[in-house]
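Structure, as structure tokens:
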Amino acid sequence: MSQDTQTAVLEIDGLRRAFGGLVAVNDLGFSVGQGEIMGLLGPNGSGKTTALNLISGVLRPDAGTIRLMGQNIAGLASYRIARLGLARTFQLVRVLDGMDCRENIKAGLAFQKPHLPVAEAELRIDTLLHRVGLAGHDRRPAADLTYIDRKRLELARALAAGPRLLLLDEWLAGLNPSELAIGIDLIRSLKADGITIVLVEHVMAAVRALCDRCIVMSSGRKIAEGATADVLSDAAVVKAYLGGVATDA
Amino acid sequence: MSARIAGFSALALAALALLAFVPRLGNAYYLALAISLLQYTVLATAWGMFSGPTRYVSLATTAFFGVGAYTVAVLGEILPWPLVLLTAAALGAIVAGIVGLSTLRLSGVYFVIFTFGLTELIRQLVVWFEVNKSRVLGRYVFVNITQADIYWQLLALTAAVFLLGWLIARSRLGFALRVIGEDETVAKHCGINTTFAKVALFTISATVMTLVGAIMAPRWTYIEPSIAFNSMISFQVLIMALLGGAHRLWGPVLGAVPLTLLFELLSARFPNTFTIILGCIFLLIVYMLPRGVAGLFEKLSTRTSGKTAQRVAA
Ligand SMILES: Nc1ncnc2c1ncn2[C@@H]1O[C@H](COP(=O)(O)OP(=O)(O)OP(=O)(O)O)[C@@H](O)[C@H]1O
Ligand SMILES: [Mg+2]
């Protein structure tokens, strides 16, 4: 886990964003090394989704730098950031309801440069459908999918771009225990492929199983950072979560 | 698949060849009607090319139609006809580019209101220019273009629009527009330059509308701003495209043909209450056919194919 020896995939410094008087992200800084899974934790409303929105270009930061593989992307249009190798999923699942599963995944890869040859693109779509567990659902309209399958499809679309950095916003929320186990294995396999991941998650079992390091936010500020086990037993963190959740296995 | 395309092209060419003979019938009334039909078919199809996939409702049709008509009024006697058309198309594209860049960041109802206001703005600009600079309020159009010429030009434009629409629908740009229509945030995160894609298609669609205005202009011998920029056209085209179904290339024509005939009848019979009737028709369409005639056809065809599938399974 030594970041110093390699360039960080994501490096954030002094990031700030306010909505009126509410400072949703306040002087946030952290860095994520190649192939690492970084957990982004914190109670409801602590600014996790806002941080992801700033990184992916949905929102413009008021201040701060965001470096993606060395390049400052703060304030860049989100389509440019996407083309630089960043992909994400959304806390409220977003799939293209009027299209079938194939087209949903195709949307993820069709606009990346250089463009893939058609045969190769089709092959990648097949592989992804299989990988997220949607094999055979090719022509099924996204609107007909169950909640969990919509989540799978959204992840497949994000992966279609072949991202270097993947932002997952509570992708494991709302899964039953067996689905959760499958989901954890899937994310672990992404790490094995060398994809760097920032994982916003409330499911502590998943955080323990997946994250190399974590940072914890509270009211827009970072209140803890370090190896997952250390952070989860940190007194300040436990207090931020009001006792219960963080120690819950 | 390619056999289907070949068959379809042959059919389209045959229809085109047949339609080219309409002026030879020698009936002035039918020719005038055929011109109206083609005019609205092209306008509604061009409207649907942009508004269908993006779901941005534009009321700027009249603005571009008027720019085309006015270009002819000003340049018709000065330049050879092909150059007049070319100039009109270029002007339409430039106006559309500027408007697109400044408004396509707006969403929903703001875009609708802006495009409606745009028509009025351009009309007032033309009035101001004519009154203060050229010191005329209307212009006579003296160009050597017959009704049959107008018809044939519109027919060629119709063919061009369908070909263009088909090519775009199969292109990466067409796919990008569909993704934008589904979810603009997702589109951006897929790496789509959404502003460019929207402005590009808006411009293509507007250029076609401008050409229609230019081609139609010689039909009047006298043009003034209130004739060229008649905002009824925007509403009629919108209603036609929605009735036909704007999410398909061949949708708007299914609305343009019956409604042109109906409007022709109504405006002759009830000239005073025409706009009220128009409003009622609009409400009925939105209420009863949210996805237009094209949507109805699709529903019927999936229902029948579903039945055959069940039969095969049984
Ligand atoms: N677009 C916005 N406009 C105004 N306020 C916002 C906006 N987005 C977020 N906020 C506010 O910023 C704060 C942080 O919200 P954010 O969604 O980042 O929290 P979160 O950590 O993701 O919470 P959760 O765990 O519930 O998803 C909240 O108080 C929220 O109301
Ligand atoms: Mg959130």
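Every residue gets a Cβ built from N, Cα and C, even glycine.
The transmembrane segment annotation in TrEMBL covers B:30-50, B:57-75, B:81-101, B:108-130, B:150-169, B:199-221, B:227-246, B:253-270, B:276-297.
Of the ranges B:57-75, B:81-101, B:108-130, B:150-169, B:276-297, the one with the most Cβ pairs under 8 Å to the transmembrane segment (B:30-50) is B:150-169. With Cβ pairs under 8 Å as the measure, the transmembrane segment (B:199-221) is packed most heavily against B:57-75, out of B:57-75, B:81-101, B:108-130, B:150-169, B:227-246. Scored by C-beta pairs under 8 angstroms, the transmembrane segment (B:108-130) has its highest count with B:57-75, from the stretches B:57-75, B:81-101, B:150-169, B:227-246.
Listed stretches B:57-75, B:81-101, B:150-169 were compared with the transmembrane segment (B:227-246); the greatest number of C-beta pairs under 8 angstroms is found for B:57-75. By the Cβ criterion (distance under 8 Å, sequence gap of 6 or more), the transmembrane segment (B:81-101) is counted as touching the transmembrane segment (B:57-75), at least 3 such pairs being found. If you look at the transmembrane segment (B:150-169), the same-chain residues 6 or more away from its ends with a CB under 8 A from one of its CBs are 12, 16, 19-20, 22-23, 31, 34-35, 38-39, 41-42, 45-46, 49, 201, 204, 208, 211-212, 215-216, 218-219, 249-250.
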